[in-house]
Amino acid sequence: MKRHLLEAADLDRADATLVLDTAAQIDAALAGREVKKLPTLRGRTVVNLFFEDSTRTRISFELAAKRLSADVINFSAKGSSVSKGESLKDTALTLEAMGSDAIVVRHQASGAPHRLATWVRGSVVNAGDGTHEHPTQALLDAYTIRHRLGRLEGVRVAVVGDVLHSRVARSNVRLLHTLGAEVTLVAPPTLLPVGVGSWPAEVSYDLDAVLPKADVVMMLRVQAERMNASYFPSAREYSRRYGLDGRRMGALGDDAIVMHPGPMNRGMEIAAEVADSVRSTIVEQVGNGVSVRMAVLYLLLGGNT
Amino acid sequence: MASPTGPAAGDAPSPSAVLTAADVTRVVDRMAHQLIEKAGDSLADLVLVGIPTRGAPLARRLAARVAAFSGTSVDVGTVDITLYRDDLRLRGVRALEDTVLPEGGIDGRLVVLVDDVLYSGRSVRAALDALRDVGRPRAVQLAVLVDRGHRELPIRADYVGKNLPTRRGQSVKVHLDEVDGVDEVLITEVGS
């Protein structure tokens, strides 16, 4: 493993499989235990440095670090008026001076974790940067797929929605490709990034054509906060063409699963009856997130630093 | 390798077998008898918990032999100690192995930890910590195939297959059929 986890491409197939296997072992070892804590990272300090709102990712990382007995500092930069570049470097050097062993960073600017990694000696874990990447989300998605379907090789995954702004999609395409799955991106042309042709994925504009062949449907959140241009005519039209409702769910194969990274817009990209159905892995994904992040922290911090 | 007397640890650079396959079988049988004898009435309470990698198949073998000799079937488990080790910083991280405990857990039972080689005692310490987190056994005992000395902690085995005086520069390797395709115990020189 590399020292940092900045993007899904930092993991080759062996590394990614090691993370998933480690997470599965941690899951099994902690299942049914009263004391859900391991002493592995005793004396290590993990800083959660969040420049952007987050519920599940921050709590998930915090819980993962605490279950491994690391000390956790939550640094929420919301409301800070210091200019971006400077504050990030100053903050990083301050945290370094206080002896942090790892920095888990979420930032609204794509590439911020990469910059951070050049300033500090400890490990940097990208917890989402702008519209770039969110590697631990991709790992927990891969883990969830493998857990439900028993394999990743040859699994057909449809990633549906706002691919343009989605760091989840970017990381998933890369990681799932590394692990041997076949990804199809489904979105209106306005919500696909320039250069999507060079990604290791198929592209389709027609959800109904893709669904019957998919083993996994991964719905992306329509990011209202980034919808500052006319990407689609109306929410209603988007929902009719690219939303997953009960009728569309009926077109899926018997064992197909429905995923969503959260937070969901119920009724927009995913209907409530789909989100609450037995095919949905949405709650499971959250639980798996903790085990996968424990695995990442263990593999990055457990050994020689 | 199949030398009948089993050559003593010498200065030879090549590995020398101190236990052959037949020896390993005999030693495991003897340990099974000792377990039955010492456990007495609480044999049904016994849980053999192997420490991966090679403690796990060893525990299964011991359980099979105990069942064959006594007619009482014995629960088996494994507990991976990687996340409890105190030498991760020195030796680096490694892949985890299975942790499997019997259905009813280990609370109130007689747990016998099983490992291949007892050396510094640090693995056993880590295993004790791991056990403490999964339950509260009535008592914990230790069974090892080989005790090679050089303890760094106040830990002693209750059942020892073979005491093997060694130097620190030597390495003791236990090979088991389930993992390595052959049963044998080797001593090699590594320090020179």
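Glycine is treated like the rest: Cβ placed from N, Cα and C.
Just so you know, TrEMBL annotations never went through curation; they're auto-generated.
Remember, it's a predicted structure, so these values are computed and weren't measured experimentally.
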Listed co-binder of carbamoyl phosphate (same site as A:Arg56, A:Thr57, A:His134, A:Gln137, A:Gly262, A:Pro263, source TrEMBL) among A:Arg106, A:Arg174, A:Arg226, A:Arg236: A:Arg106
Sorted by sequence, non-A:Arg56, A:Thr57, A:Arg106, A:His134, A:Gln137, A:Gly262, A:Pro263 residues with Cβ within 8 Å of centre, carbamoyl phosphate: A:Ser54, A:Thr55, A:Ser60, A:Ala127, A:Gly128, A:Val168, A:Pro261
Of A:Gly262, A:Pro263 (the binding-site residues), the residue whose Cβ has the fewest other Cβ atoms within 10 Å: A:Pro263
Spatially closest candidate among A:Thr57, A:His134, A:Gln137, A:Pro263, the listed binding-site residues, to A:Arg167 (L-aspartate binding site) (Cα to Cα): A:His134
DSSP-derived structure type at A:Pro263 (carbamoyl phosphate binding site), helix or strand or else coil: coil
Model confidence over the domain 'Aspartate/ornithine carbamoyltransferase Asp/Orn-binding' (A:153-300) (mean pLDDT, whole number): 94
Sparsest Cβ surroundings (other CB atoms within 10 Å) among the binding-site residues A:Arg106, A:His134, A:Arg167, A:Arg221: A:Arg221
DSSP-derived helix, strand and coil totals, residue by residue, for the domain 'Aspartate/ornithine carbamoyltransferase Asp/Orn-binding' (A:153-300): 63 helix, 24 strand, 61 coil
Inter-residue Cα distance where the pair is A:Arg221 (L-aspartate binding site) and A:Gln137 (carbamoyl phosphate binding site), in Å: 14
